[in-house]
């Protein structure tokens, strides 16, 4: 517990006045965005991992890897947001916000690429070629892709807010 408090106090040491937008780090809306990112990405992984043959498709394996990275990134930032809310301080350190911007843009790009490639494979194999023999498995693939796109939407919102916060600061 002492390590967590030490880490949180070091994050809040350097503070600069930046404008406070909805969704900025250290706000309730920022925490909610991070939690939804994490939730959608974890649900996408769960839906894909419960199928029998996802590992036969590279795009589906990439989706799981990308969503796994998103879960860790979003959970870590949600933890920082929770620390900021508990201390009643905003995370407006320019270096920290710059790190958030880069991390959000990287994970957003990876998530969009994974969701798009998985959607393309899902449509090609299961709709166009008609090679989906098990309807329940096809529905799980479609659900995983839909959840990945929902995760990407929340990541996109967060990345734009982070960029706006950095530019406005």
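Heads up, the Cβ atoms here are built off N, Cα and C, so glycines get one too.
Not measured: the values here are computed from a predicted model.
The transmembrane segment annotation in TrEMBL covers 21-47 (among others). Within the chain carrying the transmembrane segment (21-47), a Cβ under 8 angstroms from the stretch's Cβ atoms is held by residues 63-64, 67-68, 70-71, 74-75, 77-78, 80-82, 84-85, 89-92, 96-97, 100, 111, 140-141, 143-145, 147-148, 150-151, 154-155, 157-158, 161-162, 164-165, 168, all 6 or more beyond its ends.
Annotation source TrEMBL lists domain 'Casparian strip membrane protein' at 24-153.
The transmembrane segment feature in TrEMBL is assigned to 59-83 (among others). Under 8 Å from some Cβ of the transmembrane segment (59-83) lie the Cβ atoms of residues 4, 7-8, 11-12, 25-27, 30-31, 34-35, 37-38, 41-42, 44-45, 48-49, 91, 100, 103, 107, 110-111, 113-115, 117-118, 120-121, 141, 144-145, 148, 151, 155, all in the same chain and six or more residues away from its ends.
Within its own chain, the transmembrane segment (146-167) is flanked in space by residues 18-19, 21-25, 30, 33-34, 36-37, 40-41, 43-44, 47, 63, 66-67, 70, 74, 92, 94, 97-98, 100-101, 104-105, 107-108, 111-112, 114-115, 118-119, which lie at least six positions past its ends and keep a Cβ under 8 Å from the stretch. Taken from TrEMBL, the feature transmembrane segment applies to 146-167 (among others).
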Summed over the domain 'Casparian strip membrane protein' (24-153), the DSSP helix, strand and coil counts are 109 helix, 0 strand, 21 coil
